[in-house]
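The following features are taken from TrEMBL:
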- K183: active site, proton donor (ACT_SITE)
- K147, K171, S425: substrate binding site (BINDING)
- T266, N297: NAD(+) binding site (BINDING)
- D223: site 'Important for catalysis' (SITE)
Amino acid sequence: MALLDLEHFPEKKMTQVGKEHLGKPKPTTCLSWDRDFHSLVSHCFVKLGLAFPSTFLNWTRCLATHFIQKLVKVLLVGKGKMNALAATNRNFKLASRLLGLDSKLEKSLLIPFREIKVECTIPKDDGTLQSYIGFRVQHDNARGPMKGGIRYHPEVDPDEVNALAQLMTWKTAVANIPYGGAKGGIGCNPSELSISELERLTRVFTQKIHDLIGTHMDVPAPDMGTGPQTMAWILDEYSKFHGYSPAVVTGKPIDLGGSLGRDAATGRGVMFAAEALLNEYGKSISGQRFVIQGFGNVGSWAAQLIDEKGGKIVAVSDITGAIKNSKGLDIPSLLKHTKEHKGVKGFHGGDSFDSNSILLEDCDVLIPAALGGVINRENANEIKAKFIVEAANHPTDPDADEILKKKGVVILPDIYANSGGVTVSYFEWVQNIQGFMWDEEKVNNELKNYMNRGFKDVKDMCKTHECDLRMGAFSLGVNRVARATVLRGWEA
């Protein structure tokens, strides 16, 4: 009998959840899957003639780190966090019901237009060959070319990328720019690759997908683990097949057609979004207390621009630690410190504290600008902020949404709040097509106009459907994509 001969596995011990993970019916609870998995692994150890460790925890310590991470992701679903794709689908379905969409149209809008998966084999610097998996999820093109980042990360999660591609579809529609949504990347650790290896990998990936991206088809951009140099390599490799095409990617170096103001765009958009939200409640940025989780590109630019507007940044955090000062942090000094020391740790202008509690700090406006799923049902009740401006993608789970709504916390959703980056990417694309570049003042003024119009459109949708800002934004985005889809004749 084979090690995993499921015909001989004691079926009567399997619950509904255990069956689902063997390709059968859907799960009912995560805990029952935990017990079934324990039984299945015990069965495997017996077949190998090995003694099974006394506890499941002891056994997991024997596993490879990669597998433990995958297991934790599964176990967290239903224990405080919701899978990004499940949360995005949930919000989409709520919005489609609000709009009264036809069920066939709803299904059509949810399914990705195309999913691409390619093998990228490159010679390493030591002469060995290494293979990586590259992918691109192209979600929707009803309103224009698909748009979204390319990330290089060892733990690329297909479900998360699918969710982010879908979010890009709604985000570009909310911003009212003529794009659809896409996302992609390569499963690699960029910190372990040399510059020449990263270049070879990028060029091979581009060779594999060059006929599926393009100025009027799919326009990639930087994401986690990639940057302007990565976009320059894609531009150069793509141009070998199609002629010089600067508009095929955005987020490029300025010398290759990149836009002025792009580096600060997402953080500046967050500042404009926070300003629009506070104005709606008769307040201004000046004098408000802000807490920012994440002090990378988005968080640091948001902090700098909010500080210039008179806002008081009382706490920030990044991967190195967290720092707070109830009188307000000296942001110019903090920016200088983080540049010199690669993080906020050790900054003397405030008190250090546990970065895990940054979301619970007392403030007027909380800006999560780091990871997804950080605000969930386990910590939502302890959040003290009156407003949350989502600079990160999917930082708040639907369960937390409900808890915070009951507390009276106003949440400005990610598909509007962090759309500044893709909006200025659109400006870059327009400039490349026109062959006429803008000055930075024009870029920033146009971004402010788009963010202010976007907020007004979201608020109008909230009034029409009597819903909160998240459903207002989702229903606005979904409605625009649905209208474009129907007008183009989707049933033909």
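Here the Cβ of each residue, glycine as well, is placed from N, Cα and C on the backbone.
Predicted, not measured: the structure shown is a model, and the values here were computed from it.
Taking D223 (site 'Important for catalysis') as the reference point, the recorded positions whose C-alpha atoms are within 10 Å of its C-alpha, out of K147, K171, K183, T266, N297, S425, are K183. Here the CA atom of N297 (NAD(+) binding site) lies 20 Å from the CA atom of K147 (substrate binding site). The C-beta environment of S425 (substrate binding site), restricted to residues of the same chain at least 6 apart in sequence and closer than 8 Å, consists of K147, V219, A221, T250, G251, S259, R262, A265. Here the Cα atom of the residue listed as 'active site, proton donor' is found 19 Å from that of N297 (NAD(+) binding site). The Cβ centroid of K147, K171, S425 marks the substrate site; residues of that chain outside this set whose Cβ lies within 8 Å of it are G148, M168, T172, A175, I177, Y179, G181, A221, S419, G421, V422, T423, Y426, given in sequence order. Across the fold, the C-alpha of K171 (substrate binding site) and the C-alpha of N297 (NAD(+) binding site) stand 20 Å from each other.
Counting every protein chain shown, 20 other Cβ atoms lie within 10 Å of the Cβ of D223 (site 'Important for catalysis'). The Cβ of N297 (NAD(+) binding site) lies under 8 Å from the Cβ of D263, T266, G267, each of these being in the same chain and 6 or more residues away along the sequence. Of all Cβ atoms in the shown protein chains, 29 besides its own fall within 10 Å of the Cβ of K171 (substrate binding site). Other C-beta atoms found within 10 angstroms of the C-beta of T266 (NAD(+) binding site) number 24, with every protein chain shown included.
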